[in-house]
Amino acid sequence: MEQLSVFLLLFVCAAASDEPLLKGGEDFDTILIHIGMGKWNIMYYFSIGAWKLALPHHALAGAFISPYVNHTCRLPTDVPSGSGTIASQNASTDTVWILPNDECSYLKKDVTTGRLEEVPCTEWDYDNSTFSTTATSEYNLVCERQYLRAAYQSLYMGGFLVGAFFSGQLAYRYGRLTVIAVSSIAYSVMALASAWIPSLVFLMIFRFLLGTMHPTSLVTGFVFSMEITEIKWRSTVSVVVGMMWGVGTILWGIFAYFERDWRWLQTFVSLIGPAVLPFLLLLNESPRWLVVTGQHQKALSVIQKAARINNKSLPPTDQLLAIMTKVQEQSASEEGKATHRSPGVIAREVLSQVAIMFSGHDLLWPHPRSLVPGHQQPLPLHGDLRLGRACLFLRNLFSGEDGPEEVCCFHFRSVCRRPPVAATGTC
């Protein structure tokens, strides 16, 4: 009996170097549970969250870069100025220039015939008491050209829409980290270049291109952070990473308060991107994506590195590789089923997703913030749609403050689903 006890003790000690696989663990989430939460994960969250700080400055740039600026019509330089409604009278031609209240035109009157001719303004005097310079005043985006102010913001959101269509495909084909790195570098370069482009046409083109890079880096980064997080931490991580958008929006207003020249303002906020890039380039590719694409050895290397940094132990290598093989097979099987879905099934899935997106969202509680592109956030990953609606209700209640909403979501998770739903009146 003593020999048997010693044998069992030696067996346990020998097996202690490799942590046994969790019971029933046959998916990638099992590996994430073994990796746990530690320095390795925080390094990724910090890099992705820091990059998210740089995006609101350009997504919401129209508020300070191309705002409405009070302006008055300026008469041609060869016309001497006067006072009152009669701005000037030229004795040699018997012509009177009259400045009405209209900011976009002035009147030219022939004294002899009494004929009035409306002449559109070509130059304006701008009120620089709030902003020293803006794209509005520099490019004269007023009167007949005022639609370009809206275009400045709309082109970015148009690019966002276009980028959303192909960002997911690129991230799936070339990898999360590759897409994030390329889009972040391109975004930083174009953001800095657009601050000093003398041409309005090229400025608008760059705005559209910046918009296409926005979801490519933002959404892919969010997916990346979820893929390296075990299930019990995903709701918390999604909230913390999501809060960085609100922090970036606050910083955008602070920067604009201290710097009133639009070119220097955009230059300063665009420097956040290059400052974050070194951290992004130090990350490894998503191990989940590596597993799904069959790159098991690379995935194993990343997983072992994560466990080493987090000071965790892993199951034996052969068990990890077996899980990876099964995960890859399941992914291939699901992808094959997806390609053979009937149009009716696809239509039902699309309609259900649309219903989820609009259910209990800003359509029920509209406010000015919901009309600002870029503020709409996905439902928090708390595992319950009603809890997500409650958080969205608080977002509207606080009208622009991301912080209280996110903090309350932590509390809602601890008190279950029914109390917050009853308290907020959602269903």
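The backbone N, Cα and C atoms fix where each Cβ goes, glycine too.
Keep in mind the model is a prediction, meaning the values are calculated, not measured.
Of all ranges given (204-224, 288-308), TrEMBL attaches the label transmembrane segment to 204-224. As a quick check, the transmembrane segment (155-172) and the transmembrane segment (204-224) clear the bar of 3 or more Cβ pairs under 8 A, pairs 6 or more apart, so the two touch. Proximity of distant same-chain residues to the transmembrane segment (179-198), defined by a Cβ-Cβ separation under 8 Å and at least 6 residues beyond the stretch ends, is recorded for 48, 51, 54, 58, 167, 170-171, 206-207, 209-210, 213-214, 216-217, 220-221, 224, 263-264, 266-267, 270-271, 273-274, 276-277, 280-281. Mean pLDDT of the predicted structure over the domain 'Major facilitator superfamily (MFS) profile' (98-427): 78.
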